[in-house]
Each structure stands twice: as structure tokens, then as C-alpha cells.
């Protein structure tokens with residue numbers, strides 16, 4: 001038996017903060033398993049999960065309003081440490097007899113909090129000292145309401161001029177509340193505070209490591225599928241690639257991967273996928289040449305959402321046909337990751353995350369009664385990448401910029417044609433190659449080229465000609481929810497433009513997209 005890597009676990013109750021997933025990722029980075037649940041869980045669910053500690057997240061609502069979210073009262077009766085962050089601190093204060101008021105001054109941004117009383121949460125942790133030797137912490141505030149009276153059995157640990165109770169604590173019950181966000185990098189000692197809570201106060205061991213996660217996943221796959229055969233749609237993306245490697249390690253030749261070349265991939269991508277997984281790692285892969293079928297289905301369609309649906313539908317059709325050719329396949333594997341699971345989980349009160357439709361395989365033929373294998377469903381994307389490295393996948397593949405599920409189908413604006421895809425593939429390859437050469441690729445979060453279905457006049461030699469236009473797009477972002485356009489050097493952009501126009505016959509003009517998100521989205525379609 002492998003070690004129980006879920007033995008020590010933290011429960012995070014989500015009150016709707018944009019940072020809640022970041023809290024969970026930070027706890028995982030500390031080597032401790034955690035799960036993210038909606039705030040309105042039942043006592044029975046908490047008992048069943050049996051957490052070593054509970055974190056109450058921030059949230060956008062006001063505790064002073066009627067019907068605003070509250071932590072289940074059992075949280076404070078379970079006998080485990082509790083850590084309230086921002087809104088989580090406010091609801092803790094109110095539910096335990098303190099008081100919260102709306103504030104005229106919204107505190108948003110950097111603040112310095114002064115530690116005025118000793119606490120296990122921040123003992124020995126400081127950024128600087130006051131003139132009389134009191135510790136100061138540089139933190140990131142984002143709140144309107146504030147606690148104006150703490151519960152009777154709590155003490156004030158730290159304060160600011162505008163926030164008298166920046167940290168509160170009940171050391172006996174191991175309840176802690178902070179008005180700032182320790183999970184964001186702007187709170188410089190935030191990770192140390194989370195480590196203090198999770199590792200010291202909750203006494204969780206660091207059992208959640210890439211090597212142990214792999215051992216656990218392999219054993220669970222073997223227990224689930226036994227000697228049965230499994231099929232996986234391999235796209236060459238991070239999630240399906242790591243899923244393939246885990247399954248290959250667990251069940252070897254009982255895994256069949258179906259790789260569909262839809263004609264909408266990057267330059268030489270199909271060849272690279274086959275060489276890496278087939279030749280190098282020795283996986284059993286069915287390679288389907290589907291370019292013409294996808295292009296035929298897309299002919300005449302220019303609406304972006306319709307194109308996405310067509311690409312998804314045809315992929316499922318092709319995958320189904322290949323699955324039916326295989327004998328005795330009992331399981332379908334998918335690269336579902338933890339954020340997919342969170343976003344699809346609806347809260348009982350309706351204050352839930354938005355459910356999004358994923359570009360995973362759906363709708364297998366009814367005659368194929370298959371079970372589902374999802375070895376990554378507990379993992380965040382950064383954890384999937386770390387596991388991929390541990391399994392031997394190349395860094396450049398795992399840390400490549402995001403590529404949309406429908407591929408070039410949504411990077412060719414309007415109707416998708418083979419001519420447009422071929423031009424775009426070559427132009428995009430030049431842009432990416434030059435980013436690598438200039439050591440800029442890892443400095444931007446995402447970079448790609450878009451094909452515009454407009455002809456523009458150009459001069460070549462002594463003649464004029466009308467050829468196509470492409471746009472370069474590069475953005476910098478932390479979370480892909482908001483993004484700035486990347487300020488790439490002019491000489492670099494000039495070099496890329498010259499190469500594309502000179503080397504890709506059919507393109508006469510290159511433009512650079514300088515739109516931020518919002519109002520623009522990162523992808524054009």
C-alpha cells in the first residue's frame with residue numbers, strides 16, 4: 001500500500017472571493033491536501049471529510065446584510081483550528097459575538113499592520129520593526145466592512161490606523177482571523193502565516209508531493225480498472241498528456257490513446273505528439289487524419305460559437321468511431337482537473353460557481369457502457385505540470401502557452417479554410433520562434449497569431465499585390481481573468497513582421513494587438 005497522502009487535510013469554505021482557489025493552491029504548495037467547498041455545507045459533510053483545520057475564504061458580500069453567507073455553526077464546534085480570511089474573519093467575528101460595520105473608507109491595496117500582541121500565527125514573522133521595536137507586516141487589504149468589536153474571548157493581535165482589528169485570535173480554541181489576504185504575493189509574509197497555520201497549528205505533515213501523488217494515482221487507477229482496457233483522447237495538451245503518462249505507468253498496453261489531427265493544430269504538432277508519445281514513450285496510439293472532415297464540417301460557417309460546437313461535435317463523432325473499432329474497452333479516461341470540478345459544483349443555495357461546458361469528450365455511443373477514469377481530478381494545473389515533469393515529460397511542452405481546445409478554428413477569424421490555417425501556422429511559428437530567441441517567451445503569459453480574413457495592398461518588387469493580414473497578440477496576466485497587452489520591444493516586433501512578410505507567401509501586413517482584458521478578451525473569438 002502507498003502512504004495515505006490524504007490523511008492530513010484542510011477544508012476551505014468558499015464565500016466567493018476571486019482569490020479562493022489561490023488559497024487552496026498555497027495550501028497544496030505547503031505539501032498538504034485540501035478541498036474547496038461552498039460555504040453552505042452541512043455538519044454531516046464536515047464530519048465525513050474530517051479536516052485537520054478549516055479556512056474561511058474572503059468574499060464579495062457584506063456580513064451586515066440580511067441573508068449574507070455564514071459559516072455552518074459546526075465549524076466553531078468541531079474542535080479544529082479555524083482561520084478566517086477577510087470576509088471569513090468578519091463572519092467569524094459576527095457569529096461568535098463580535099460586531100461588524102460597513103466602513104465609509106474602503107481599504108484596498110498595500111497596508112502596514114502593527115503586531116500589538118503575541119500570537120502563534122505570527123510569532124517571529126515580520127517585515128520590519130516600529131521605532132519601539134514592534135513587528136510590522138506588509139499586507140494586501142481588500143475590504144469595505146470592518147470588525148469593530150471582537151468576540152469576548154479573542155484578543156487583538158495586530159491593527160492599522162484604519163483597521164483596529166487587522167488580526168484577531170483565540171489561542172485556546174485556535175481560532176484566527178485576518179482582515180488582509182495572506183494568499184496573494186503582495187502580502188510578503190503571507191505564505192509563512194499559512195504555513196504556520198497549516199503545518200504548526202493544525203499539525204499537518206507535508207505528504208502531498210509530486211512523487212507521492214503519482215504513486216497514489218497509479219495505485220488508484222489499478223484498483224479502479226484492474227485488467228480492463230482504457231481509451232483516452234490524447235490532444236497533446238498538458239492535461240491529456242499527463243493523464244496518458246499516469247495511465248501508461250499504471251496499466252501499460254491496456255491503454256489506447258486516440259490522437260485526432262483535426263487540421264487545426266500548430267505547425268508540426270501532430271508529428272511531435274506521435275514522436276514523443278509513440279516513439280519515445282512507447283504508448284499505444286491510434287492516429288486519425290481528420291483534417292478534411294473537420295474542414296468540410298466548418299465550410300461556410302463564420303460564427304465563433306457555432307465553429308466551436310462543430311469542432312466539438314466532429315471530434316466526438318471521430319472519437320466514437322475509433323472507440324467502437326476497439327474490442328472490450330471498459331473505461332474512458334479524461335484529463336478533468338480540480339478547477340473543472342469546482343466550477344461544475346453547484347451550491348445548494350444557488351450562490352454557485354458558473355458551470356462551464358468543457359472541451360472534453362462527451363456523449364459516447366449509448367451501446368458503449370463505459371466507466372470514467374479521471375486521475376487528475378484532485379489537481380490544480382500547476383500540480384499537473386509538476387507531476388508531468390516527475391513523469392519525464394519535457395519542460396517546454398508542459399509550460400507551453402495555453403492553446404484553445406478548438407485550436408486554429410478560433411484563431412482564423414470567420415470561415416476556416418485550409419489555405420488560411422496553413423498561412424497562420426507558419427506565421428505563428430515564426431512569432432513563437434523569435435520570442436524564444438529573444439528570451440521573451442517565458443516573460444509573456446500567452447502569445448499567438450490571428451488570421452484576419454481581409455486583404456490589404458502591399459508592394460513586392462515593382463508590383464502591387466493584395467494579400468492577407470495577421471495580428472500578433474501577446475499578453476501578461478496572473479490569472480487570465482484580466483490581462484495587459486505585452487510591451488514587446490519595437491525592434492523585436494519589426495523583426496517578426498519582416499520575417500512573416502518575407503517568408504510566408506500570402507501575407508502582406510502584420511499588426512500588433514494592443515487591447516487589454518477587459519474590455520477585449522485574450523482570444524479574438
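Using the three backbone atoms N, Cα and C, a Cβ is placed for every residue, glycine included.
Per Swiss-Prot, the feature active site, nucleophile maps to 86. Sequence annotations record features per position, and here Swiss-Prot assigns active site to 181, 183 based on sequence analysis. Under the heading ATP binding site, Swiss-Prot lists 235, 236, 237, 238, 239, 240, 241, citing sequence analysis as support. As annotated by Swiss-Prot, domain 'Glutamine amidotransferase type-1' applies to 9-207, with the evidence given as sequence analysis. What Swiss-Prot records for 208-400 is domain 'GMPS ATP-PPase'.
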Looking at the active-site residues listed here (86, 181, 183), whose Cα lies nearest to that of residue 241 (ATP binding site)?
183
For ATP, what surrounds 235, 236, 237, 238, 239, 240, 241 with a Cβ no more than 8 Å from their Cβ centroid?
234, 242, 243, 244, 335
Pull out the recorded positions from the set 86, 235, 238 whose C-alpha sits within 10 Å of the C-alpha of residue 181 (active site).
86
Please give me the CB contact count at 10 A for residue 241 (ATP binding site), counting all chains in the structure.
24
Whole-number Å value for how far residue 183 (active site) lies from residue 235 (ATP binding site) (Cα to Cα):
33
Looking only at 236, 237, which of these binding-site residues has the biggest number of Cβ atoms within 10 Å around its Cβ?
236
Check residue 241 (ATP binding site) against DSSP and tell me helix, strand or coil, would you?
helix
Spatial separation of residue 183 (active site) from residue 237 (ATP binding site) - C-alpha basis, Å:
28
